[in-house]
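Report on the following structure.
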Amino acid sequence: MALYATAATVLAAVEGRRGSIKGLVYASSFQNVKQLYALVCETQRYSAVLDAVIAGAGLLRAEKKLRPHLAKVLVYELLLGKGFRGGGGRWRPLLERHQARLKAELARLKVQRRVSRNEDLLQVGSRPGTASQVPRFVRVNTLKTSPDDAVDYFKRQGFSYQGRASSLEDLRALKGKCFLLDPLLPELLVFPAQTDLHDHPLYRAGHLILQDKASCLPAMLLAPPPGSHVLDACAAPGNKTSHLAALLRNQGKIFAFDRDAARLASMATLLARAGVSCCELAEEDFLAVSPSDRRYRQVQYILLDPSCSGSGMPARPLEEPGAGTPSKARLQALAGFQQRALRHALSFPSLQRLVYSTCSLCQEENEDVVWDALQQNPGAFRLAPVLPSWPHRGLGTFPGAEHCLRASPETTLTGGFFVAVLERVEVSSSVPEAEAAAPELRAGAARRRKRRRRRAPAPGTPQVRGAEPAPGAS
């Protein structure tokens with residue numbers, strides 16, 4: 001099965017330090033990137049356990065053509081996962097020949113370490129903590145269905161619908177086949193943490209988007225009305241773009257940019273499955289996009305979710321050792337890019353509202369970047385006060401930083417995230433509207449008056465024959 005072969009290739013590259021899981025998954029040609037990402041992450045998490053089981057059972061000695069990383073992926077599916085997907089192809093009978101020895105070796109390992117659960121075999125750094133208790137958030141794609149229809153479908157499958165949640169405690173208490181409607185986002189369903197919907201028919205058909213609640217905030221807070229022109233600056237993998245399209249009801253235009261061709265190709269597949277028809281994709285560095293290009297003259301909304309350290313992503317430490325605590329040099333490089341991207345976005349002439357977001361917990365990538373942009377544009381933009389009841393606010397590093405939002409598994413039961421909403425400051429009504437809207441017209445008029453003064457003769461000076469009369473002369 002292609003899933004297992006691709007997962008083994010990605011796993012080998014990750015362990016060989018040739019890239020991160022996320023980057024390698026998107027660079028692969030496998031279509032279902034979510035399924036592949038989840039399988040590689042979990043196999044990597046149990047890597048040491050799987051190595052011990054495979055060695056103890058003598059699997060590689062008995063099957064000399066079986067590559068070590070493929071063996072690790074297959075044994076994970078057999079012993080720790082949910083069984084072979086799609087029948088398992090030619091690998092299933094091979095593994096079933098060794099199933100008894102593998103299970104016996106796993107049981108022996110538990111006895112040896114005096115534990116009863118699989119997850120207790122993990123090293124402390126790999127054990128599920130608070131992050132593993134983050135619920136499974138599922139956004140209903142309103143381009144294809146409605147929350148009510150999705151709820152009815154799950155109820156027919158034997159799930160128990162508990163209505164709209166009223167607090168985080170309701171979400172923490174979820175278990176079994178129960179699910180809720182999120183108290184903030186009307187199209188967001190919430191399931192227990194370990195619910196796996198990657199193979200669900202509604203997900204495969206694009207009716208559901210598996211997206212963390214915090215990741216849904218940027219599009220929700222940008223809130224472009226149908227018919228708007230929106231720019232998604234660093235768009236891949238595309239979940240936020242599909243959310244924008246749903247808010248627009250496919251009416252209007254989304255200009256989406258990403259400079260990574262592989263990620264953009266995966267994004268095109270995701271958007272097609274989601275029924276998005278209002279998006280124009282471009283393989284281009286956002287910093288090279290000209291704000292004066294006539295194509296973007298109606299862009300009033302920009303979503304900027306730039307590359308970041310990913311320090312708020314629960315799975316990131318599984319991908320790269322030390323990824324949760326990026327080095328000072330890496331933070332400086334990322335923050336420099338983020339500052340340039342935000343300044344560039346704010347230079348689009350018709351911009352009215354912008355959302356800046358990251359999946360980072362680092363002040364250098366969040367509050368510091370926003371404060372730099374506000375200082376670079378004094379009086380032109382302000383931080384919009386949003387979601388006053390949201391429990392986790394921005395760090396108080398500058399006046400108004402409390403209008404920013406933060407998220408974390410501990411405080412909001414989501415992944416780690418940061419969101420800031422910047423809006424253009426309205427010009428005082430005492431300034432004529434035409435002048436406020438187009439300052440370049442004022443400058444042009446001043447230049448024309450200056451030229452007229454230079455051409456006009458001084459009082460009493462005779463006109464030169466053949467000379468063009470001054471403007472307004474008769």
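Heads up, the Cβ atoms here are built off N, Cα and C, so glycines get one too.
These come from TrEMBL:
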type: DOMAIN; residues: 126-425; note: domain 'SAM-dependent MTase RsmB/NOP-type'
type: BINDING; residues: C234, A235, A236, P237, G238, N239, K240, D258, D285, D305; note: S-adenosyl-L-methionine binding site
type: ACT_SITE; residues: C359; note: active site, nucleophile
type: COMPBIAS; residues: 433-444; note: compositional bias 'Low complexity'
type: REGION; residues: 433-474; note: region 'Disordered'
type: COMPBIAS; residues: 445-456; note: compositional bias 'Basic residues'
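Projection of TrEMBL feature records onto the structure.
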residue: C234; record: S-adenosyl-L-methionine binding site; Cβ within 10 Å: 22
residue: A236; record: S-adenosyl-L-methionine binding site; Cβ within 10 Å: 26
residue: G238; record: S-adenosyl-L-methionine binding site; Cβ within 10 Å: 27
residue: K240; record: S-adenosyl-L-methionine binding site; Cβ within 10 Å: 26
residue: D285; record: S-adenosyl-L-methionine binding site; Cβ within 10 Å: 13
residue: C359; record: active site, nucleophile; Cβ within 10 Å: 22
Greatest Cα separation in angstrom, residues C234, A235, A236, P237, G238, N239, K240, D258, D285, D305 binding S-adenosyl-L-methionine per the record, works out to 19
Taking only the CA atoms, the spacing between C359 (active site, nucleophile) and K240 (S-adenosyl-L-methionine binding site), expressed in whole angstrom, is 13
